[in-house]
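**Q** The following block contains the structure, expressed as structure tokens.
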């Protein structure tokens, strides 16, 4: 397996301001980082390719939603009760530790046995009781050698209060997905009630890590790019699966680890449906196009005790780095769990219409609100009441309706300061469509992790030990640098023209005016991963020619200054190959 010089890479990242610890002048904050110009530029380019590869290619509906969510939303989604890690305390110093990390590290230091190997495989999924038993069994101590407390659950969400009086409990969102589920009804209407369709969202998510570590891999604030593909349970074939079915990938599944095509994975039932297989294939193509080493990429199927009870299947795209195999993308078939939870929690009907092959007769509740009475009482608020009543789900009505006599039923609804009693009755009718809650297949991308893995995979040392990042031109923080051997005023206008042409075409261009040798200028740009360097030299004054140097081969060509910008643009866009 390839080795990475983690220390040297992280040294360069800090020296060249790819990344720095947040508030470093005050000593920094664990688990929070700021991106400098090159780091942010690479992240922007990753997201640009992600949008092109997924959102534009698949006609996804991209939305932006708030980073703060009310308690009720996250209670319904299960995050208030279940978004937890297990922690333990040093009984002497009071230091706290994430239990699975502490136990895992301790077991790895012990003499390997079959039993310890089995414990390591399930440490991520252990309950508090199982953690306590392992700590006792192997006499695991804190990093200071002290006895550990009993383990306990720790909710990972950041909570706050909003408003002058702090009356409403809010949380920083633990994932971008919830905003998409909350807007499902509007997204469905926007898409003319047609299924399947996919929405997408890019933004910050937050996780109050017990013990952040591994740089960008485990942080308290991170960027996510998430897709929610809404599809009917029995219609998970994908019309474009044939475009990825021949891709061979390393799949670690329940039975074995093997390299097979996605077509074979579907036929053998290893991957549960074509839509899931399609997103696995598209994810692999995206990561490889970014510059991730194909040999250091695998897809691992979640173990049954690792997967949520409602999930029908879950795969992680894992990338090998100096920290080992790290999960960078999760692709899960979440069934109809999320929308069902929010329908129950909000009391709003989140079903969509599905045309039936044959009409059928159904019974449903019909509400009869006294519009005259409540219109007079509520005036401007009456339209809001009507929207609330019309949005009530059949499931909610069925659960809360009360019989008040023979063939008479009543539903009580709280609205503002009123309790409104609404008569309701069961009505039979013939329908040509049915209301269903779709399933969701969710590819979730951890952008910070992908960024770090890409940085490691792009790093190498030349024979003279000079460091280089071999970022692809479309991903590099700066696509082209311009410099000179000796400065002459005659260069200025041409440098400006080249820079303007390239920046007008969406490229990032850096003019290197350092007073140092051209070799040092090249090395400085190699450390940033800049693929092309245009050099003006004294001969330009005679022949109007400049030199283009390519980063990885270090080869140079001389071209006419007027043709130079378009030649560089072709190389960067991949329309011409350097040879």
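In case you wondered, yes, glycine gets a Cβ from its N, Cα and C as well.
Feature table excerpt (Swiss-Prot):
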- 175, 226, 442, 443, 444: glycine binding site (BINDING)
- 207, 208, 209, 218, 219, 327, 328, 449: ATP binding site (BINDING)
**Q** Hey, which of the binding-site residues 207, 449 is the loneliest by Cβ count within 10 Å?
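**A** It is 207 that, of the binding-site residues 207, 449, has the fewest other Cβ atoms within 10 Å.
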**Q** Looking only at 207, 208, 209, 218, 219, 327, 328, 449, which the record lists for ATP, tell me the maximum pairwise CA distance in angstrom.
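**A** The two farthest binding residues have Cα atoms 19 Å apart.
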**Q** In this structure, which of the binding-site residues 219, 328 has the fewest other Cβ atoms within 10 Å of its Cβ?
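**A** Ranked by other Cβ atoms within 10 Å, the binding-site residues 219, 328 bottom out at 219.
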**Q** With residue 209 (ATP binding site) as the reference Cα, tell me which of the binding-site residues 175, 226, 442, 444 is the closest one.
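**A** Looking at Cα distances from residue 209 (ATP binding site), the smallest one goes to 175.
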**Q** Given residue 443 (glycine binding site) and residue 207 (ATP binding site), what distance in Å do their CA atoms have, once rounded to a whole number?
**A** 19
**Q** Around residue 327 (ATP binding site), which residues of its chain at least 6 apart sit with Cβ under 8 Å of its Cβ?
**A** 300, 316, 317, 318, 446, 449
**Q** Write down the Cα-Cα distance for residue 175 (glycine binding site) and residue 218 (ATP binding site), rounded and given in Å.
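**A** Answer for this pair: 15 Å between alpha carbons.
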**Q** For residue 226 (glycine binding site), which of the binding-site residues 207, 208, 219, 328 has the nearest Cα in space?
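**A** Closest by Cα distance to residue 226 (glycine binding site) among the binding-site residues 207, 208, 219, 328: 328.
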**Q** 10 Å Cβ neighbour count around residue 226 (glycine binding site)?
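**A** I count 22 other Cβ atoms within 10 Å of it.
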**Q** C-alpha of residue 444 (glycine binding site) to C-alpha of residue 328 (ATP binding site): distance in Å?
**A** 8
**Q** With every protein chain in view, how many other Cβ atoms are within 10 Å of the Cβ of residue 175 (glycine binding site)?
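**A** Looking across every protein chain shown, the total is 20.
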